[in-house]
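Q: The compositional bias 'Polar residues' feature in Swiss-Prot is assigned to 387-396, 453-474, 549-570, 586-599. Swiss-Prot lists 404-414 with the feature compositional bias 'Low complexity'. Look at Swiss-Prot and you will find 490-499, 522-531, 572-585 tagged as compositional bias 'Basic and acidic residues'. The region 'Disordered' annotation in Swiss-Prot covers 387-419, 443-599.
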Amino acid sequence: MKMTLPFKPHVLALICSAGLCAASTGLYIKSRTVEAPVEPQSTQLAVSDAAAVTFPATVSAPPVTPAVVKSAFSTAQIDQWVAPVALYPDALLSQVLMASTYPTNVAQAVQWSHDNPLKQGDAAIQAVSDQPWDASVKSLVAFPQLMALMGENPQWVQNLGDAFLAQPQDVMDSVQRLRQLAQQTGSLKSSTEQKVITTTKKAVPVKQTVTAPVIPSNTVLTANPVITEPATTVISIEPANPDVVYIPNYNPTVVYGNWANTAYPPVYLPPPAGEPFVDSFVRGFGYSMGVATTYALFSSIDWDDDDHDHHHHDNDDYHHHDGGHRDGNGWQHNGDNINIDVNNFNRITGEHLTDKNMAWRHNPNYRNGVPYHDQDMAKRFHQTDVNGGMSATQLPAPTRDSQRQAAANQFQQRTHAAPVITRDTQRQAAAQRFNEAEHYGSYDDFHDFSRRQPLTQQQKDAARQRYQSASPEQRQAVRERMQTNPKIQQRREAARERIQSASPEQRQAVREKMQTNPQNQQRRDAARERIQSASPEQRQVFKEKVQQRPLNQQQRDNARQRVQSASPEQRQVFREKVQESRPQRLNDSNHTVRLNNEQRSAVCERLSERGARRLER
């Protein structure tokens, strides 16, 4: 019987030879593997300082992905907005940053300061004690020069506040960076107005985890050596006299030198017209007149505050920054480190707080409907104060418009492109202006509020240049358009009606207010100096120009018509008023002292000529 095997002998031999070849190849490759070199003794970690963790041979540690920090504003944008106030004294700077988070309150305070130019210092703070503003805004009305500067650019105020709410540590870093630039150019130095103090921040030891190389036993050794961070320089600014505050005013393009990022030029707040700023043209740096105050400055900046856990208090529901968060160790700040002087704070607000270690916290109730920069910031600060703490309110679900706007913001941050102004943005801006108009309190007419805002120095210079470069025909055309403009005519008629319907007491009060206004007094003094220093030829040319003006001719014609249409009784009353006021003017020392002999003789001649003409009539 013939037996058939399932495998042929030669096939079995071939399979066995292939197995032997594979085994020999594996042994050869293993014998050629290079072992990892042993570290020198000086770099090995001590077993007593290391923690041993054993892993299976087939398991490898996953790679560590660094956390991505989301920034709402770039460094160039923050430098652009911080530049006008980085050289302010620390206390004043901190309160400007706090107040900028309430743009509507600032707008109302600017208008109040404009309507009350004689109020400053502690008296101004007492006058606004009943206003529904944050304490930081109330404190700034003590400095009318500062309010005039902040009123020049409301959009800058809101941008600065949004940056401070979103990235307080970046704002403080920008302050130090810009102060170092100003110190390098020689613009920032101690003076009679303020002290510049440069200190070296203590080196902070930081523990860093180091992972040792993998050894054949599959054991990972970790240690925590102490590494010292390099020391940093901190520049702080304080008033030379704590009871007198000077408002700095400077041109950022001069004091900081060449600006690094020309795509984001620094914001410049020129000194407003009529505000006394003593400027130094050498350094491009000047100060306002000193303002005496005892409690207007109630905050300070702790530049050395590295321990974020010591700001934990029992009444943290009001005076801590919303940018922080709570954990098991206490309150964590985002780097703002603004501390509050409770005594001065209580004098401004009328409260009776007793905690001596308080830090500032943004209060959304004083935002007055002004939207926050983005949805994340709105979630953080869309809260309402209630008894027992803070209660967050539910925000509406994101819509397509909000998602589209968020995508556009992310694209702008990545590419640094100019923002795209969409219809939704325009609607939001219009709604914001409407909300601001509703919250102006006694200044509820937003159009009148914007029209009453003082012109900036740049606008005045541009208007002056246009007027000087215009031809006589162009000036005449502008005058005619103004005379025929129905709106201007309505304003004239309304003013004329108010004057005619005013009582003698009201007219006298207006005259006294105009006479005691320091700006009007300065203008009168400047005009008087120009007249006294003018030559006879210049005066004659000016008289001819005045006589040739059609408006003056029209005024003379109108006056002549009123005189001709007046009744004898009205003329008699007018003559009596003139005769009563003439001796008072001639005997007034303020007028006679300024006149020389020639001017007095000229006045007497004109009076005699007028008397002769009246006798002829």
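Yeah, the Cβs are placed from backbone N, Cα and C, and that goes for glycine too.
Walk me through the surroundings of each of these features.
A: Within the chain carrying the compositional bias 'Basic and acidic residues' (490-499), a Cβ under 8 angstroms from the stretch's Cβ atoms is held by residues 507, all 6 or more beyond its ends.
Sorting each residue of the compositional bias 'Polar residues' (549-570) by its DSSP state yields 19 helix, 0 strand, 3 coil.
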Q: What are the helix, strand and coil residue counts for the compositional bias 'Basic and acidic residues' (522-531) according to DSSP?
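A: Here the numbers are 10 helix, 0 strand, 0 coil.
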Q: Which residue counts does DSSP give the compositional bias 'Basic and acidic residues' (490-499) for helix, strand and coil?
A: 10 helix, 0 strand, 0 coil
